[in-house]
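Going by TrEMBL, these are the annotated features:
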| type | residues | note |
| --- | --- | --- |
| DOMAIN | 2-68 | domain 'HMA' |
| TRANSMEM | 89-109 | transmembrane segment |
| TRANSMEM | 121-147 | transmembrane segment |
| TRANSMEM | 168-190 | transmembrane segment |
| TRANSMEM | 196-214 | transmembrane segment |
| TRANSMEM | 351-370 | transmembrane segment |
| TRANSMEM | 376-397 | transmembrane segment |
């Protein structure tokens with residue numbers, strides 16, 4: 001069995017999903033089909049020995065409204081075109097609907113005896129009322145030009161012996177138009193008080209088209225999360241061939257190629273470092289704000305950012321095999337999957353339209369039988385058809401899934417199985433990672449201890465050095481020193497990044513280092529009291545940077561992440577919902593307790609078996 005995902009162009013209502021799925025499942029070899037109306041995706045599982053993808057495409061295309069896209073197509077361009085077409089149609093309908101608004105306002109004023117009756121003012125041509133004739137001309141143009149897509153879609157569905165939501169729109173508007181046209185041209189067949197309701201057909205077409213345009217716009221926006229993920233991918237890479245560097249499109253990279261990644265560039269693919277040392281910003285994957293140090297044999301992930309040093313990377317995974325591509329695929333599969341409730345909805349939606357048509361006919365006949373006139377009976381039957389047109393039943397669930405998974409991905413929450421989203425209402429405990437989740441994800445200086453005699457000069461030195469750094473810790477120290485120092489910039493020379501450790505520069509001929517405690521221990525002897533202070537700060541969760549001027553420690557910076565302003569509110573809301581919250585540190589303690597308990601129980605069982 002082969003499982004593939006394809007795009008379908010032309011989906012315009014929730015019934016399209018049912019039509020395509022039921023039609024394809026009739027073919028031998030087609031095991032399973034899931035069509036996502038909101039995203040325009042089709043996931044199909046089929047036996048290549050019994051049916052080819054070309055046969056499947058012919059089957060989908062034969063339905064008339066739809067096109068199965070086999071090649072990689074820029075779906076965003078197609079959706080933008082779809083939006084433009086709907087927008088132009090909506091503008092046409094808006095302008096064409098204005099006269100009917102005027103007629104409605106005039107009729108209200110008539111009822112208040114503020115203006116004469118417009119029917120009497122315009123008069124008659126023979127036995128045809130001029131007002132009715134004007135409405136007939138306008139309505140005919142509106143429903144058969146502006147609303148032609150509804151009639152075309154309904155006719156194609158009817159030829160396949162099926163119904164869709166457009167069947168309801170076409171039937172309700174055509175009924176209104178046909179009845180009103182008969183009243184206009186054959187008034188002798190009706191009572192004197194009978195009236196037309198061309199406006200009903202006009203406003204049905206207008207509001208359904210407006211809804212379709214808003215829906216298409218919403219569908220386009222819900223895919224922003226996937227588009228944002230795709231934008232993270234590098235477009236080009238520097239490949240090294242026989243010692244020479246050349247820039248190539250990312251699509252041309254092969255497994256085993258050696259790539260050069262300069263500071264500030266995105267790592268184009270997943271790979272292994274073969275030469276160089278650097279810090280890499282992996283926040284887009286891990287959510288952690290602090291960069292990860294990389295040297296030879298370190299694994300790197302495509303689309304993460306190389307910060308400080310030069311790296312040579314051997315490509316190990318390319319294209320669809322990279323971690324980012326897998327994340328994108330995970331989001332798309334989650335959006336296209338069906339929770340159990342969706343299957344129930346689909347069964348109901350499959351018979352929804354025929355039932356509504358039957359209810360409308362029953363309504364019409366019932367009111368006629370109890371003595372109401374033809375106009376009243378048709379009006380109520382049309383109302384039944386119109387109310388059912390949007391079919392919230394078929395749209396609500398897939399739209400909720402689409403929006404939920406999209407917003408989740410945008411906020412760093414990847415939903416692998418859509419059933420998990422449905423079961424989320426049963427969550428009792430939420431475990432938070434601290435960094436970047438309940439904190440801002442940007443380190444800031446929270447504590448400073450000075451050992452030198454001139455604090456202001458030490459701050460100026462730190463600012464002058466660290467403003468050249470691209471490391472988040474260095475940038476935090478630079479920002480702090482700039483705001484706290486009253487001295488001017490100090491001239492520095494020979495600035496250098498010490499990979500994985502910090503920075504170094506010369507100030508007035510003297511070496512100044514701002515480095516981590518481990519590297520600081522190689523530069524100078526740290527007094528026991530200072531070492532105790534360092535240990536205590538690290539135990540408190542602070543990341544330390546030590547400023548050494550010559551051989552003496554002048555400043556120790558403690559950096560940490562600030563709690564987000566809305567974290568407390570979010571946690572409080574969870575508590576109000578009866579959901580408990582835990583920090584990841586406590587989670588790890590629970591994991592270790594569970595492991596120890598498992599070991600203890602296993603040991604007891606083994607002893608018992610003996």
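Using the three backbone atoms N, Cα and C, a Cβ is placed for every residue, glycine included.
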Range from 89-109, 196-214, 351-370 with the greatest count of C-beta pairs under 8 A to the transmembrane segment (121-147): 196-214
Positions whose Cβ lies under 8 angstroms from the transmembrane segment (351-370), at least six residues beyond its ends: 15, 163-165, 167-168, 171, 376-378, 380-382, 384-385, 388, 391, 393-394
Contacting positions for the transmembrane segment (89-109) when only residues 6+ beyond its ends and CB under 8 Å are counted: 115, 118, 131, 134-135, 138, 141-142, 145-147, 149, 198-199, 202-203, 205-206, 209-210, 213
Residues in the domain 'HMA' (2-68) grouped by DSSP into helix, strand and remaining coil: 20 helix, 23 strand, 24 coil
Arithmetic mean of per-residue pLDDT over the domain 'HMA' (2-68): 85
